Every structure is written in C-alpha cells, then in structure tokens.
C-alpha cells in the first residue's frame, strides 16, 4: 500500500516534561496535536499570501542552462563501480549523491542520508520539481554492504516513496531505518519493519557494534506529505559516531538566534570530524529564511557545531527556490572567507566525488 494514500498518522503522546532535557537542552513539544519549533516561539509557517507572492511574484533567478553539456561542465557527475564505493581502509568516507542524499562509511559502518533517487520530488512521479542533475549513485549501484538509512524529515525531497521501496526490495531487514517521532507508521505502511523512531536528543546504540551510536538532533523546520499531516511528525538532523569519528548530518533547517541549538549540538556531540550542512534553496529570504539557511548561516552552523570540516549539501539537484543554480557554491566560498576560516574547512564536492578522512 502506498502510504501517500493513507492519511492516518500515529497517535502522538506528549510527555509530562516537555521543556528541557536533564542537561538543559530544549526538548520537542506538541501543541494542538502538532510538533512545533519549541526553541523559537516566533517561528511561523509562511502564510498562504506569502506563498502565492513567492510563486507568482518573486523573480526566478535560477538561470538553469538548457544545454546538457553546459550543465555537465558546471556540475559534473563522477560515477563509480560498486566495488569502488566501500573502502577496506579504516577511516571516514563521504560521497555526495545529490541534494541531501549522501553515502557515508565510518570504519565498518555504512549508511545513507535522505536517499532520493527519483527524477522528481513530489507526491507522484509526475508532480514536483524535476532533477537537473541525476543522482551520482542508483540503488543498483550501491554496495552490498549497507546497514542504515537516516531520514531527517518527511518532505518529498528528503523522503521519497519509490526510493524507499527500491531500497527495501534490495536490502530488506538488513537495513535499519531511522526517523523522527510520528513517522514510523509511514514506514510500516511501506512494509518496512526495522524502523527506529527517535525524539530530539534521543540516542540509539548499535546492537552488535556498541561503539556506534546515533542521536537525533533538533532543527528549525516543519513536516508535511499530505493535506492532513502538517507537522504530525518531527524533523531534525543526526549525530553519528563511533570510538574514533564523529559525523553530523544537519538535514534541512533554518537558523535561529533565540536558543543556540547548533551550539548545543556541538557542545553535546561535537567536535565533529565531518558535517553535511545545507547551503541551498534560500532565496527569497522573506519566504525561505525560517526553514532554509543561507550560506552565511551555514558557515555559522559549521562554527556552532564545532565542525572540523563540512560539506555543503541541499543544492545543485532541484530548483527549489529562486537563487541562481550555482550561487550557493560561490556564496559559501565568500562566507567562509568573510569568517576568516580556512578555505578547506567548508567545501562543496562534485556529485559522486569521494572525500576520505583518514
């Protein structure tokens, strides 16, 4: 059964202590049956008139080339054979598949972040933004050794039904799926049973490799897949670590100055050896500011989370906002320079490019 046709969501139970964790960090909170950005009471969803103004009144500056050769030169795709993806060496390996989809190998632990392999990100294969860059890896090209998938939230550019079905068909219960509270039933409706549902700051320990841990971290965003499930599931990022390396996947987020959630993430789980931080889909700011960071805010996240090295994601795949399709890259370089950081501390990769941290 396609869960998009099933609007029933799990009953959400609010805990007694819904303010802060024992170490003083803001916990998730439910108001009127919906999750909220508890750390920023001023956060508001864009109003319907604002959305209409963006859709029909804001200038579209994406300037996507119609020429495939120009796109190939600007954003090349690096392809690999399946036996080249996993390394036998100890270390931290990262491959940017596209948008927020990444392959990560942390020593002997391999996982994906927000895997979307479809041509469009929408409620059906025929509705929604169309890719202008294909995924650097397909499901069939992934290695046989794959243990986990972490899902940041329910939006279609991060959680794709055909991709989930394809991964489940290939790997079955070999994969452990991670998601925020309220989203587990969606996976069960996809006939996926090995699902771990987490709250902000909740941690999971690998059952056989107890040196591997995963924690769900706060983000400023929202969730929706149907007309009836607005903010019925939680959104966030992930801290993933073993006894040698720490990795942070920010998912999809805006930046808030109300409560320093990214400093809290860095304090609790950092410093991170590598972080994947969004840098795109930010223009115009009056529409996107609350939900998507701009590159200067991405760099501040890099600093806040105590990241030794970061890679920019959430760009170069779908035109989800109005900035020039290459602007996130140039704006990131400028923001790193303005912050007086090492130019190599926060970078972008080509689609499919392998980054190894020994």
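Heads up, residue numbers simply count up from 1 along the chain you see.
Cβ atoms are placed via backbone N, Cα and C, with glycine included.
Feature annotation from TrEMBL assigns Zn(2+) 1 binding site to 153, 155, 221, 252. The Zn(2+) 2 binding site annotation in TrEMBL covers 157, 158, 252, 314. Residues or ranges marked as domain 'Metallo-beta-lactamase' by TrEMBL: 111-315.
Distribution of TrEMBL features across the structure.
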residue: 153; record: Zn(2+) 1 binding site; Cβ neighbours (10 Å): 26
residue: 155; record: Zn(2+) 1 binding site; Cβ neighbours (10 Å): 21
residue: 157; record: Zn(2+) 2 binding site; Cβ neighbours (10 Å): 23
residue: 158; record: Zn(2+) 2 binding site; Cβ neighbours (10 Å): 23
residue: 221; record: Zn(2+) 1 binding site; Cβ neighbours (10 Å): 24
residue: 252; record: Zn(2+) 1 binding site; Cβ neighbours (10 Å): 27
residue: 314; record: Zn(2+) 2 binding site; Cβ neighbours (10 Å): 28
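A gap of 14 Å separates the Cα atoms of residue 153 (Zn(2+) 1 binding site) and residue 314 (Zn(2+) 2 binding site). A 10 Å radius around the C-alpha of residue 314 (Zn(2+) 2 binding site) takes in these binding-site residues out of 155, 221, 252, in sequence order: 252. When the alpha carbons of residue 252 (Zn(2+) 1 binding site) and residue 158 (Zn(2+) 2 binding site) are compared, the span between them is 9 angstrom. Within 8 A of the CB centroid of the Zn(2+) 1 site residues 153, 155, 221, 252, the other residues of that chain are 152, 154, 158, 219, 222, 223, 235, 251, 253, 291.
It is 13 Å from the Cα atom of residue 221 (Zn(2+) 1 binding site) to that of residue 158 (Zn(2+) 2 binding site).
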